[in-house]
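Report on the structure given below.
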Amino acid sequence: MSYFKTAMLLAGLTALFMGIGYLIGGASGALIALVVAAAMNVFTYWNSDRMVLSMYGAQEVDVRSAPDLVRMVAELAGRAGLPMPRVFIMDNPQPNAFATGRNPENAAVAVTTGLMQQLSREELAGVIAHELAHVKNHDTLLMTITATIAGAISMVAQFGMFFGGNRENNNGPGLIGSLALMILAPLGAMLVQMAISRTREYAADEMGARICGQPMWLASALGRIDAAAHQVPNVEAERAPATAHMFIINPLSGQGMDNLFATHPSTQNRIAALQRLTGEIGGGGASIGRPAGPSPRGAPRSPWSGQPRARGPWG
């Protein structure tokens with residue numbers, strides 16, 4: 001995604017925020033909303049990683065507490081030409097992962113316990129390579145800023161509906177227009193998230209496949225995570241749906257209306273794109289849908305396949 005398009009999308013989110021402010025407090029409300037949006041962006045720039053990681057109860061690990069995971073991240077970060085990010089684990093049964101941080105020097109990769117327990121080493125490597133691709137593409141800051149502003153738009157819109165908006169406009173079309181904008185603004189914010197997310201996910205899939213060297217490792221992981229997301233709820237994501245687009249697979253994808261406003265491209269389309277990429281990069285990797293565990297005989301193996309599979313998320 002070009003920097004110009006990204007800037008325009010973020011400007012659109014800010015304009016929605018100002019529009020809600022205007023409906024609540026007139027011109028002064030719009031000005032306050034602009035100042036608040038600017039302050040939020042500055043605050044998010046410096047605190048984005050701590051905010052999101054704290055929200056999901058992520059715990060930082062090192063080579064002593066999670067040696068296999070940390071070594072895998074270090075190996076893949078080296079292949080990607082990135083500094084070593086901090087590594088976190090979230091105690092959550094849904095297999096999923098995200099990356100955050102304002103730049104590659106201050107990045108973090110977080111995975112759930114469900115991801116480590118349900119995926120093979122090769123699939124896990126594909127997921128981590130995908131998240132490192134987000135870091136390399138500088139997507140991590142954009143994802144967090146978008147989530148922050150979109151969440152604020154929803155919150156302020158609900159506040160405006162509760163208090164009835166700007167009372168000077170509370171008759172005739174003014175009231176109808178105010179209510180319409182307060183209802184539609186959060187939907188508009190979701191559409192902006194979709195526009196950003198769809199493009200960056202395809203790009204991260206391709207770069208992640210190149211980093212790990214086997215597109216089918218990531219393709220297999222995507223299929224497994226997508227199936228689990230329809231069955232295993234992510235309670236923290238339910239409480240903060242504006243952060244759903246940060247994950248490799250939408251953690252809300254099995255929940256009603258979220259399918260109509262999906263923040264991610266179709267998983268099947270992503271898998272198909274990775275299958276096409278296999279011919280260019282070479283190697284078939286793991287077959288989609290196979291049980292988690294070591295690579296089958298004859299399939300390309302990762303540097304981590306020679307060791308026994310870890311029994312828990314910390315090994």
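Glycine residues also receive a Cβ, built from the backbone N, Cα and C atoms like all the rest.
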Among Glu60, Glu75, Glu201 - the residue Swiss-Prot places in the same Zn(2+) site as His130, His134:
Glu201
For the recorded positions listed here, Glu131, Glu201, which shows the highest count of neighbouring CB atoms within 10 A?
Glu131
Other than His130, His134, Glu201 themselves, what residues in this chain have Cβ atoms within 8 Å of the centroid of the Zn(2+) site's Cβ atoms?
Ala99, Glu131, Ala133, Asp139, Arg200, Ala203, Ala204, Asp205, Met207, Gly208, Ile248
In DSSP terms, helix, strand or coil for Glu131 (active site)?
helix
